[in-house]
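First the structure, in the form of structure tokens, and then the observations on it.
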Amino acid sequence: MKFAIVSKGDNRSEQIMATMKQYLTDFQLEYNEVEPDLVISVGGDGTFLEAFHSYVHRLNETAFIGVHTGHLGFYADWVPDEVEKLIIEIAKTPFQIVEYPLLEVTIRAKSGGSEDRFLALNEATIKTADGSVVFDVEIKGEHFETFRGDGLCVSTPSGSTAYNKALGGGIIHPSLDAIQLTEMASINNRVFRTIGSPLILPKHHTCLLKPIVDRSFLIAIDHFTTNYTNVKSIQCRVAEERIRFARFRQFPFWNRVRESFVSDDNN
Ligand code: NAP
Ligand code: MN
């Protein structure tokens, strides 16, 4: 089996990376950054997002696992003390795979017909540095509302505990193939009206955002933001592709939610 390691870059993560690389190589596994079967992220959730985007072009061939060197991570759920155990597990077991849904975002330009397509593990956010965003929101080809406000967040189930949660969105179990739209400070008065609640869309219910007022948009895909002008539409839907996690033990999603947000003791 071929593996690669992505580290946060701090001393602790670098040290864990070096240990894992050495031991796994001793177990006859091949270190290969180009075509890894397994990518190990050492750091936090931010590092995991980096690892995901570095290998997003080979999701069918690559599985991911995270070791966290900071506080509990959502994607990085092995602690440094367990690294030796994890190394043995990786070396000896054909691992189980757990898949989570992803968000597909397609940004189309007004002229020139160009389009950019992205996959997000957490979410896409659409904002502007230039007043409010104003766009028509279509769901499954039908006009739903005209949104005016700071922006919108469209998240995956596993991203529902990140930015989405801060916006009052619900936490969605990643076994559900869905995306969630949450508003950022929508303007609501007699003239402008939006639903106000987070919307959860199933697979194939495509959401299309069509700018009405010509603005430049700050479009973030996970941790990476790009400034777009000349935007005709932004299309969001549950992606066909999925992320594959290598699983060596159970750590149920709701336990992770509880340990991160409610209590990290076992009472
Ligand atoms: P960051 O500023 O370090 O991330 C913000 C926090 O979100 C960090 O504590 C990060 O954990 C945590 N996080 C990331 N993914 C998560 C998930 N799926 N569930 C729960 N917590 C999660 O920036 P970053 O590390 O590059 O992460 C980018 C993400 O930050 C974006 O995808 C977005 O979800 C989130 N974000 C949140 C807000 C907000 O809550 N108001 C605003 C902007 C961005 P680590 O410390 O382990 O990295
Ligand atoms: Mn971070």
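Every residue, even glycine, has its Cβ placed from backbone N, Cα and C.
TrEMBL: automatically predicted annotations, no manual curation.
Taken verbatim from TrEMBL:
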- Asp45, Gly46, Asn122, Glu123, Arg148, Asp150, Ala185: NAD(+) binding site (BINDING)
- Asp45: active site, proton acceptor (ACT_SITE)
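Distribution of TrEMBL features across the structure.
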residue : record              : CB count, 10 Å
Asp45   : NAD(+) binding site : 25
Gly46   : NAD(+) binding site : 17
Asn122  : NAD(+) binding site : 28
Glu123  : NAD(+) binding site : 27
Arg148  : NAD(+) binding site : 21
Asp150  : NAD(+) binding site : 16
Ala185  : NAD(+) binding site : 11
If you check the binding-site residues Asn122, Glu123, Arg148, Asp150, Ala185 one by one, which have a CB less than 6 Å away from any atom of ligand 2?
none
Go through the binding-site residues Asp45, Gly46, Asn122, Arg148, Asp150, Ala185 and pull out the ones with a Cβ less than 6 angstroms from some atom of ligand 1.
Asp45, Gly46, Asn122
Coarse DSSP state, helix versus strand versus coil, of Asn122 (NAD(+) binding site):
coil
Recorded NAD(+) site residues Asp45, Gly46, Asn122, Glu123, Arg148, Asp150, Ala185, farthest C-alpha pair in Å:
31
